[in-house]
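Chemist: Features from Swiss-Prot:
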BINDING   ASN12, TRP13, LYS14, GLY175, SER214, GLY235, GLY236  substrate binding site
ACT_SITE  HIS99  active site, electrophile
ACT_SITE  GLU169  active site, proton acceptor
Amino acid sequence: MTPDVRPLVAGNWKMNGTRASLDQIKAIAEGVRPPLADKVEALICPPTTLLYVATALCTDSPLAIGAQDCHQKPSGAHTGDISAEMIADSFGTYVIVGHSERRTDHAETDHLVRAKAEAAFAAELTAIICIGETADERRAGQELDVIKRQLSASVPDAATAENTVIAYEPIWAIGTGVTPTSGDVEKAHAFMRAELVSRFGDEGRKMRLLYGGSVKPANAGELLGIANVDGALIGGASLKAADFLAIYRAYEALLA
């Protein structure tokens, strides 16, 4: 954790969820309540088909709703895409950009991720910018070089602690059940913090740094308690309200 920084626990549903899944969002919304909600923010990013309905379910809850991606342009002939403005119009407040699955499956570059983050800023959304190394890069000892490059190229100059969250997701840990050691996570997050402070000063100190990659109730307390880890970006474990809330409530002990 980082002193004076409000943590964020975010769920990325990826390409999962139909209208029947709204019961899980409703249960999460009912479980995100003060006093913990005053100290720790919670967010679910469902598929776009559920975005507007999900925000309607959360009008009386502190639970935030966001999207999983946006186009870099505000409108136009981009079949199948969604703009940041459309997300905001559906009352979403966050958008994930640069997730490794987008970088890999859709060949998204750091330059494109940066443009998407800038589009999010223009629509007054908070961008969750994802970075992380592959297994091959890690074996070659290049993980910090990759983090440095992606932070430099993917994060816009206009980034602030209010409009930007950084999510470190080592690609080899996503959906594999394999989690880096606490020391590995601490090293990566300390490096990110130093890079952000060097570039953005106090804004860099206050930016939230999330860890993602096989986060589950059993390891949440350990991961969320690491220095400079200001929350989590959760995949599969966010699909069930009980699992997501168990991770979220790990902060009850950490903040006691």
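Every residue number used here counts from 1 along the chain in the order it is shown.
Keep in mind that glycine also has a Cβ here, set from the backbone N, Cα and C atoms.
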Chemist: Near ASN12 (substrate binding site), how many other Cβ atoms are within 10 Å of its Cβ?
Modeler: 26
Chemist: Between ASN12 (substrate binding site) and HIS99 (active site, electrophile), what C-alpha distance do you get in Å?
Modeler: 10
Chemist: Ten-angstrom check, please: count other Cβ atoms within 10 Å of the Cβ of GLY175 (substrate binding site), all chains counted.
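Modeler: GLY175 (substrate binding site) is surrounded by 12 other Cβ atoms within 10 Å.
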Chemist: Under DSSP, is ASN12 (substrate binding site) part of a helix or a strand, or is it coil?
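Modeler: DSSP assigns ASN12 (substrate binding site) to strand.
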Chemist: With every protein chain in view, what's the tally of Cβ atoms within 10 Å of the Cβ of GLY236 (substrate binding site), excluding that atom itself?
Modeler: 18
Chemist: Would you please pick out, from the recorded positions LYS14, HIS99, the one with the fewest other Cβ atoms within 10 Å of its Cβ?
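Modeler: LYS14, out of the recorded positions LYS14, HIS99, has the fewest neighbouring Cβ atoms within 10 Å.
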Chemist: So, in DSSP terms, is SER214 (substrate binding site) helix, strand, or coil?
Modeler: coil
Chemist: Between the two most separated Cα atoms in ASN12, TRP13, LYS14, GLY175, SER214, GLY235, GLY236, the residues recorded as binding substrate, what distance in Å do you get?
Modeler: 14
Chemist: For SER214 (substrate binding site), write down the residues of its own chain that are at least 6 apart in sequence and whose Cβ falls under 8 Å from its Cβ; none is a fine answer.
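Modeler: Correct list: ALA173, ILE174, GLY175, THR176, GLY177, VAL178, THR179.
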Chemist: Please report the distance from the Cα of GLY235 (substrate binding site) to the Cα of the residue listed as 'active site, proton acceptor', rounded to the nearest angstrom.
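Modeler: Cα of GLY235 (substrate binding site) to Cα of the residue listed as 'active site, proton acceptor' measures 11 Å after rounding.
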Chemist: Hey, what's the Cβ neighbour count for GLY235 (substrate binding site) at 10 Å?
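Modeler: Counting Cβ neighbours of GLY235 (substrate binding site) within 10 Å gives 22.
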